[in-house]
Amino acid sequence: MGQNRLGSAAGAPPRRGPGAANAPGRRWGWWGIVFVAAFVASIAAGSALKAGESLYLPDASVAQLRDFYAASRSAVLVQSALQILAAVALYRFGWRLRTALHTKGTRAGAVLGWGTAITAGSLFASVVCGLALLLATQAGDTTVAGLGRAALVLGGAAHLLGAGLLIAAASAVAWRSHRRPRWVFGYGRLVGPLVAASALSILLPPLVRPEPAFRLLAAVWLVGTGIAILRGAFDEVR
């Protein structure tokens, strides 16, 4: 009893357990999960709706880009819509996380904010490049090749760089403030820099191939953090 009164007098918020999962103030935790679900769905939809052979951007020639975007308009449009949803979800998740961690005005807050803007913004820009390719199939080779390269870099290296910065900064702050669950933020401190380092694929093209593995590492953190927020574990500071 005395301990509870002391915490109340000090203005400390009451600790809430898993029963607070539906609290309105924690619903933003869904955004991290929505991002992962929408991104995975975009890949599945693109594969299911495509006409002809799949397109592997790193190795695609100008002729292959023209053929794919001319023949697979439905696949590109559905995939683009889902990735726009993913970009919006990721942006909202990152900025709400920055606020929840009370990082405004700090270096970590700046890194988290920039990471969020880069990862969501580059994914959105990649979608714009893909939609532009739908309209530019008859454009010059330089234009088509440039749009294909931009879509690859923005949706891959730049997107993962931002995600790595977001994960590393948020995990560092959450770890120092003893947020729960500890494994999520300990994991984030390790994988955040790895995910960010995958941006070296801009200089070392062979590093493009393991990008799906880096996306999986980021997805585990996003889902784990989202669930922690929804269950109320994230609020516990010990």
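The backbone N, Cα and C atoms fix where each Cβ goes, and this holds for glycine too.
Since we're looking at a predicted model, the values are computed, not measured.
Here TrEMBL flags 9-23 as compositional bias 'Low complexity'.
Here TrEMBL flags 1-23 as region 'Disordered'.
According to TrEMBL, the transmembrane segment annotation covers 28-49 (among others). Counting residues 6+ beyond its ends, the transmembrane segment (28-49) has Cβ neighbours under 8 Å at 72, 74-76, 78-80, 82-83, 85-86, 89-90, 92-93, 96, 215, 219, 222-223, 225-230, 234 in the same chain.
Counting residues 6+ beyond its ends, the transmembrane segment (69-91) has Cβ neighbours under 8 Å at 31-32, 34-35, 38-39, 41-43, 45-52, 55, 116-117, 119-121, 123-124, 126-127, 130-131, 133-134, 137, 163 in the same chain. Per TrEMBL, the feature transmembrane segment maps to 69-91 (among others).
TrEMBL lists 111-136 (among others) with the feature transmembrane segment. Taking Cβ pairs closer than 8 Å, the transmembrane segment (111-136) reaches residues 65, 69, 73, 76-77, 79-80, 83-84, 86-88, 90-91, 93-95, 97-98, 101, 103, 143-144, 147-148, 150-151, 154-155, 158-170, 173 in its own chain, all 6 or more past its ends.
According to TrEMBL, the feature transmembrane segment maps to 156-175 (among others).
Per TrEMBL, transmembrane segment is recorded for 187-208 (among others). Non-local neighbours of the transmembrane segment (187-208) in the same chain are 58, 152-153, 156-158, 160-161, 163-172, 174-175, 214, 217-218, 220-221, 224-225; each lies 6+ residues outside the stretch with a CB under 8 Å from one of its CB atoms.
Annotation source TrEMBL lists transmembrane segment at 214-234 (among others).
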